[in-house]
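Single-structure report; data block below.
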C-alpha cells in the first residue's frame, strides 16, 4: 500500500493484526493514538491485503499519521486452493503460515525504515509472538480485543478443565465457575467453545489455549475495557501479568478525534422525531445473521409491539422478512443495510439495543447507557450476555436463547416499560458515567494509556 513520507525515526514498532472479524479495527485505533502521541516512532502495521483494504480508504494517507506504514502480508491460502467449506478454514490457513509471513515482512520493513523493530504489538491471539520477540530481542505487547471475562476463561482454561472435567462437562453445564475470582456468576455453558466443550482439538481452540499459556510472558497485556466494569477480574488479571492495562472504552478515547459521522440512510434524522428512550435499535454485527425463522420472529414481534425501531440488516436477508412487513411498518421503523451504531447508541431516543453481544457492541452500549436484549451466537458472546444480565444487570438474554414473536415482545415490554427495565436503565446510566470518568484526562483508562505508551515506545 502507499505509505506516507517518513520523519526521522527514533524507534520502530511492528503491529501485527488478526485479519478476521472485528479484530483489526480496534488495534488500528490504538496504533493511530500511539503514533499521534509519539511522532518520532514508526509503527509498521501488518495485515492481509483484504483486511487492509477495508480499514484504509484510497485517500487515507492525508489523515493517517505520517509515522504509520502499512504492509500487506499473505493470507496463507495456497495458489489454486479450493475451499472445502469447513468452518474456520481460512483462519486455519492464515495461522499456519502467519509466523513466517510476519517474519518476512518485518525484515522487509526494517530494511525500508532503517531501524530494527524493538517492540511487537500484536493481537493477543498470536501466541507465537512471544518467541518472535525473544528472537529479535524485542518486547511483546499483546492486545486482547474482548472483555475480562473471556480473557480469564482462556487464561484459566487448564484450571477450568481440571475442575469441571471435559468428559463430564455435559452434566455440569449449569454449574458456575466459582474457582476463578470474579467469575462466580458465570456458568460452564457460558464459556467459549474450546474451553471445556466443543472441539478442543481444532486449530482455533488450540490457538486460544496456547495464547493463555503464552500471555504471562508478555511485557504488557492491554484490553478494551475499563477497570470499574470488572474490578475483581481486573485485580485477578493484574496479578497474573507483568502489566495489565484497561485502556477503554476505545470508542470514547477516540471520540476526541474529529470524525465525520457517516449516516447514508438518514437514521439520525429519523431518530430526532422519536421520544426519549422509545426506540429499539437492532443489529447483530458484521459476522452473524440470525436464521430465517428468527428474523421473521423479530419482525413479527416488532410489528405487534408497535415499538419504534431502527434495524440494521443486510440487504440479502430482506427476503426472510414476512411479506408486506416493510410496507406495514413504514411509519413505525426503518430497516437499513448499515447504521451509525455509536451515534445511535448515544442518542436520547434509543431505549434498548437488540444485539449479538459481541464485545465492541456491548461496550458501545455501555458507553451510551443503553440496556440490551441479547441473542449470543458463539465465542465470547454468551459470556458477555451473561454479564449483561446477571453481573451488571443492564439487560437480559432472549427467552430460551432464540427469538420467537411472543418471547421478543415480552423482552421489549420488560426493558422498555416495566420496572425491571427502569432498573436496567439506571444501572446502565451508572456504568456510562464510570466509562466517561475512566477516559477523562485524570481517569484510569487515560492513565493506563499513558502506561501503554511508555511500554511501547519508552518516551515517558
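Every residue gets a Cβ built from N, Cα and C, even glycine.
Straight from Swiss-Prot, the features:
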ACT_SITE  23  active site, proton acceptor
BINDING   23, 88, 154, 379  anthocyanidin binding site
ACT_SITE  123  active site, charge relay
BINDING   145, 339, 341, 356, 359, 360, 361, 364, 380, 381  UDP-alpha-D-glucose binding site
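Annotated features, which come from Swiss-Prot, shown on the structure.
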| residue | record | CB count, 10 Å |
| --- | --- | --- |
| 23 | active site, proton acceptor | 20 |
| 88 | anthocyanidin binding site | 16 |
| 123 | active site, charge relay | 22 |
| 145 | UDP-alpha-D-glucose binding site | 25 |
| 154 | anthocyanidin binding site | 25 |
| 341 | UDP-alpha-D-glucose binding site | 22 |
| 359 | UDP-alpha-D-glucose binding site | 24 |
| 361 | UDP-alpha-D-glucose binding site | 22 |
| 379 | anthocyanidin binding site | 22 |
| 380 | UDP-alpha-D-glucose binding site | 24 |
Rounded to the nearest Å - Cα separation of residue 88 (anthocyanidin binding site) and residue 380 (UDP-alpha-D-glucose binding site): 16
Cα distance (Å, whole number) from residue 23 (active site, proton acceptor) to residue 145 (UDP-alpha-D-glucose binding site): 6
Site extent for anthocyanidin, whole Å (max Cα pair distance, 23, 88, 154, 379): 19
Candidates 123, 341, 361 (recorded positions) with Cα within 10 Å of residue 154 (anthocyanidin binding site): none
From recorded positions 23, 123, 379, the one whose Cα lies nearest residue 341 (UDP-alpha-D-glucose binding site): 23
Alpha-carbon spacing, the residue listed as 'active site, proton acceptor' to residue 123 (active site, charge relay), which is rounded to whole Å: 8
Euclidean distance between Cα atoms of residue 123 (active site, charge relay) and residue 361 (UDP-alpha-D-glucose binding site), Å: 19
Collapsed DSSP category at residue 88 (anthocyanidin binding site): coil
Recorded UDP-alpha-D-glucose binding residues, 145, 339, 341, 356, 359, 360, 361, 364, 380, 381 - maximal Cα separation rounded to whole Å: 23
Integer Cα-Cα distance in angstrom, residue 359 (UDP-alpha-D-glucose binding site) to residue 379 (anthocyanidin binding site): 10
